[in-house]
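Trainee: Please read through the structure below; I'll follow up with questions.
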């Protein structure tokens, strides 16, 4: 176990704004998505048939990047993207996945389909800006994920969780087998007890000091670390 601190929602948003100003969203998203793919490769090396469930915001963008890198790592990813974002960045990320011949599902997979076809489902729906309730475009896929037996890996925040208080309804909240926190763990990670990785190796010492972050050392050239 590596000792680490947590970010509340307001500090997570403020840190992201600073990072965007220094690096730009494209660079950060590429690094974050790569670290997610690397963590999945460490945590689930044999789970080659992966579905990435992509949301409309930055968390979804991380998922698209993650899918592309998983493909290059030898996985067989597929993507379910129920509400596409009409912005150049997301359109380009989608085209990149298509260039790598990653299939996009045209219909919401059933719980039975999630169980029979995939060995891992990556939850890249909502990030730390999420506020309940879940919008109707996403209720079906989240409900199917709630009832699947296939393990789930959530990027940064398990979708539907409160960013600070964790699962609001224990019986109707995702219970991922793995969580990949980005930049720094958010407060809700205190309620997570599975495989926990940290990715996003781009926090400068000055920012760590400003936000009072205690972060683990990344091993060697790795871009993720298990907490």
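Along the chain as shown, residues are numbered 1 onward.
Heads up, the Cβ atoms here are built off N, Cα and C, so glycines get one too.
Pasting the relevant annotations from Swiss-Prot:
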type: DOMAIN; residues: 7-215; note: domain 'YjeF N-terminal'
type: BINDING; residues: 58, 59, 60, 61, 62, 127, 128, 129, 130, 131, 132, 133, 156; note: (6S)-NADPHX binding site
type: BINDING; residues: 59, 123, 159; note: K(+) binding site
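Mind mapping these onto the model and telling me what they sit next to?
Mentor: All chains included, 24 other C-beta atoms sit within 10 angstroms of the C-beta of residue 58 ((6S)-NADPHX binding site).
Every protein chain shown contributes to the tally, and the Cβ of residue 59 (K(+) binding site) ends up with 25 other Cβ atoms within 10 Å.
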Trainee: Tell me the Cα distance separating residue 128 ((6S)-NADPHX binding site) from residue 159 (K(+) binding site), rounded to the nearest angstrom.
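Mentor: Between the Cα atoms of residue 159 (K(+) binding site) and residue 128 ((6S)-NADPHX binding site), the distance comes to 9 Å.
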Trainee: Determine which residues of the same chain, besides 59, 123, 159, have their CB within 8 A of the center of the CB atoms at the recorded K(+) site, and list them by sequence.
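Mentor: Near the K(+) site, beyond 59, 123, 159, sit 53, 55, 60, 63, 124, 125, 126, 127, 154, 155, 156, 157, 158.
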Trainee: Tell me which of the binding-site residues 128, 130 sits in the most Cβ-dense spot, judged by other Cβ atoms within 10 Å.
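Mentor: Ranked by Cβ atoms within 10 Å, first place goes to 128.
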Trainee: So, three-state DSSP: helix, strand or coil for residue 130 ((6S)-NADPHX binding site)?
Mentor: coil
